[in-house]
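In what follows, a structure is listed as structure tokens, so that the remarks can point back to it.
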């Protein structure tokens with residue numbers, strides 16, 4: 001019997017190729033999107049789960065609010081790990097990781113450039129599942145300067161020779177590293193990636209006993225079954241016990257007194273939450289993670305796509321009811337019961353879904369590379385062959401069959417045979433109501449997504465064009481001129497003389513992209529105020545970056561070193577209570593040699609030195625040029641300067657290549673996540689409207705077929721083609737317009753939540769709604785128009801003759 | 001075989017009742033070949049649909065082989081219909097997507113008859129109706145008379161006790177019509193009870209009894 005169902009289903013598909021193609025294409029697009037997003041989401045959710053004890057590992061993080069400064073740091077103080085292990089019975093073990101920057105490797109007089117180097121406690125490999133495939137597998141890091149190297153870096157440096165026992169030189173380090181083991185490359189879905197893990201035993205900061213400086217990512221393994229919240233509840237007492245006395249020394253304030261007006265504490269973050277739920281400041285983040293919001297958004301989009309395609313299926317099936325009614329009638333008279341008819345219609349739905357799924361898999365295979373590039377993933381086609389995904393795909397197949405097929409199956413099989421045989425189905429059966437509702441639902445999603453896309457585009461546009469307090473174009477950044485040592489000044493002088501160069505500043509502090517970072521405590525009359533950011537610059541910094549000096553003067557060579565002078569931004573002036581007139585005011589800054597008095601000589605207009613997600617924070621510029629250079633070009637084309645710079649660089653330091661960046665590019669990179677989302681959102685907005693319109697096209701086709709006699713009569717009576725088009729379109733256009741009433745408020749609400757992420761954001765203006773409405777209506781009308789115009793321009797006599 | 005006692009069926013139209021069956025009583029014996037005549041709208045089709053249990057009636061009694069149909073639930077009625085009655089339509093109502101063979105086989109599929117038995121039964125009837133050569137054709141490839149032949153074969157395949165034919169030759173020419181009537185006569189002689197609704201005096205004459213309907217009641221002479 002099942003075979004028969006499929007045979008009949010197949011013949012029916014062949015006979016209704018048109019409707020069927022609409023169904024299949026729509027469903028295939030829906031299913032392909034679903035597969036893609038399913039893989040993307042499960043990849044996002046898989047982060048750090050490769051660790052055998054992933055569910056027991058937590059990271060200790062630091063959150064505080066001190067004098068209005070919000071601090072979110074993923075690193076904590078050096079003694080935290082050992083202290084928590086000693087004091088908390090739930091902690092089985094604790095391990096630390098410190099990120100190390102600017103490490104250049106040298107082996108056999110060959111340079112291997114930057115490497116990702118981290119210092120880890122000797123027990124690191126007991127906590128994280130990072131298999132050592134060669135060398136000392138049990139205690140690789142139990143001696144100072146011992147290091148474990150990744151498989152790929154080992155191959156890069158040592159080729160086929162055995163790396164174990166070899167020594168590597170690291171610039172800026174007096175001691176050489178001694179390779180004790182080779183580990184497998186850290187899996188892609190890990191929240192950190194290092195090529196060299198070096199023992200903390202020889203690392204001075206690891207022995208730091210201060211509870212006032214944070215340097216270490218600290219991970220705890222909790223006993224099985226311990227409640228994170230319970231453990232976390234014990235942390236304030238520990239903090240008070242150990243930090244309290246040190247706070248008294250450093251700030252002259254007791255812990256209790258401090259906590260009265262400020263908040264500060266240690267918290268636990270599950271390992272598996274790190275990738276998707278981290279909001280820590282960039283300087284304490286190992287790698288830019290994902291965002292659970294985007295996981296939700298894309299999951300929702302996948303479900304929407306599928307639902308829209310299923311609705312098409314339902315609508316087209318019920319709309320063609322008049323065609324199928326006769327068959328249902330006959331079959332019932334021939335002794336079929338309802339169940340058998342339902343089975344037959346479900347078989348049809350299943351067959352369609354099966355074909356659509358096959359097509360979707362093909363579509364997926366072809367678009368996967370583009371998707372990977374867009375999403376920054378390395379999803380393989382073969383990952384679809386995992387049992388879990390095969391099972392999910394089968395489940396999806398059944399789900400779609402039931403979801404798309406059940407309603408038409410029950411509806412069609414419920415016909416009274418006599419009525420069905422008499423074809424008592426007029427154009428306006430009660431089903432139009434349900435179908436109308438489903439069309440509205442589809443366009444709620446389409447129009448909602450279109451509005452969302454417009455909002456995202458508008459916000460990105462705003463970011464691009466906002467005046468952020470300095471001139472971002474024509475700036476070239478080289479952040480490692482310190483490598484040149486004594487030749488650094490020569491290079492700067494040389495490059496200043498290039499006729500294409502407008503100005504050069506000597507600083508490694510850049511307001512976009514990678515930058516050096518300095519934060520220091522600010523005191524007034526010996527009393528701690530709050531921490532503020534410092535920029536170490538020279539007198540050319542403000543003119544080179546095109547910043548505006550609102551008050552006072554810039555640094556100048558005339559005044560010598562000026563190490564006790566600063567220029568502050570408006571925000572700092574406001575926070576320090578100097579308001580509009582900060583010139584010649586003083587404060588103290590915390591240095592290694594105690595508090596040092598600083599005098600304000602100028603105030604610079606606020607500029608965004610962080611992304612527009614954040615408000616401008618207080619900033620202090622002090623004269624201390626070192627590190628890198630920033631070049632302002634006279635023209636947009638900087639290739640000449642780059643060429644000149646490269647030549648000069650190669651003459652001075654042939655060991656390492658020049659590493660430069662264009663500030664505008666770095667700035668764009670800051671919003672990579674949003675840019676990707678904009679692209680993906682646009683893509684799916686287009687796809688959903690296409691699928692929704694496929695359905696609309698099908699429905700109009702049926703309406704035109706059902707009413708073709710009416711159309712003929714009207715034409716004979718003198719109706720114009722335009723009037724017929726209006727007649728056929730009216731009902732559908734009304735539905736689309738009705739969908740705006742739900743789509744726009746919903747989209748407005750959700751997009752406002754998204755916009756909250758930006759400290760600087762657009763208003764969702766009325767004309768964005770208008771644009772979304774015009775686009776949606778335009779596409780819908782175009783779809784309906786093609787079909788109804790064809791129906792309207794047919795010869796009326798033909799319509800009537802068939803009677 | 002079946003008996004209708006004072007049956008009424010009406011529809012409401014514009015606040016008025018329009019009677020489709022109006023105090024109609026009829027008694028049909030096993031082995032009869034009854035012709036139902038009457039002008040359009042006199043209730044012939046309604047009567048056949050009611051007898052076939054495809055349509056309800058509002059008042060009265062209906063006994064089919066001593067079973068009180070008016071007291072039964074729809075499911076049970078459908079079961080009795082499927083077991084005993086073959087229905088033949090004026091417009092043939094073959095399934096367009098199925099071949100001649102498959103059309104005839106369909107009622108057996110719904111009765112869950114075994115495959116081997118199905119083959120034998122369909123082969124027999126194809127043979128008897130001389131349409132073996134057409135078994136793989138689709139309905140639109142046949143003439144009207146041939147289509148109706150398939151329709152009859154399909155109705156007979158479940159070996160019904162009663163055949164209901166609603167203007168079976170209405171769309172056919174007189175030669176085809178005579179052949180179908182001859183076939184009905186043979187079937188009747190084999191013991192099948194037949195009720196046919198018809199406009200045609202000559203077709204009606206094949207029956208062993210004729211009743212005339214007018215406005216939903218039997219017209220007595």
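Cβ coordinates are placed from backbone N, Cα and C, and glycine is handled just like the others.
Copied over from TrEMBL, here are the features:
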- A:22-237: domain 'MacB-like periplasmic core' (DOMAIN)
- A:300-417: domain 'ABC3 transporter permease C-terminal' (DOMAIN)
- A:448-607: domain 'MacB-like periplasmic core' (DOMAIN)
- A:683-796: domain 'ABC3 transporter permease C-terminal' (DOMAIN)
- A:20-41: transmembrane segment (TRANSMEM)
- A:294-316: transmembrane segment (TRANSMEM)
- A:345-368: transmembrane segment (TRANSMEM)
- A:388-412: transmembrane segment (TRANSMEM)
- A:432-456: transmembrane segment (TRANSMEM)
- A:677-700: transmembrane segment (TRANSMEM)
- A:735-755: transmembrane segment (TRANSMEM)
- A:767-786: transmembrane segment (TRANSMEM)
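Below 8 angstroms of C-beta separation, residues 19, 22-23, 25-26, 29-30, 33, 294, 297-298, 301, 304-305, 308-309, 311-312, 315-316, 319, 374-375, 435, 439, 442-443, 445-446, 449-450, 452-453, 456-457, 460, 728-729, 732, 776, 779-780, 783-784, 786-788 of the same chain, each at least six residues beyond the ends of the transmembrane segment (A:677-700), sit close to that stretch. Residues of the same chain lying 6 or more positions beyond the ends of the transmembrane segment (A:735-755) and with a Cβ under 8 Å from any Cβ of it are 293, 436, 439-449, 451-452, 455-456, 459, 761-762, 764, 769, 772-773, 776-777, 780. Residue counts for the domain 'ABC3 transporter permease C-terminal' (A:683-796) under DSSP, split into helix (H, G, I), strand (E, B) and coil, are 96 helix, 0 strand, 18 coil. When the domain 'ABC3 transporter permease C-terminal' (A:300-417) is classified with DSSP, helix, strand and coil residues number 104 helix, 0 strand, 14 coil.
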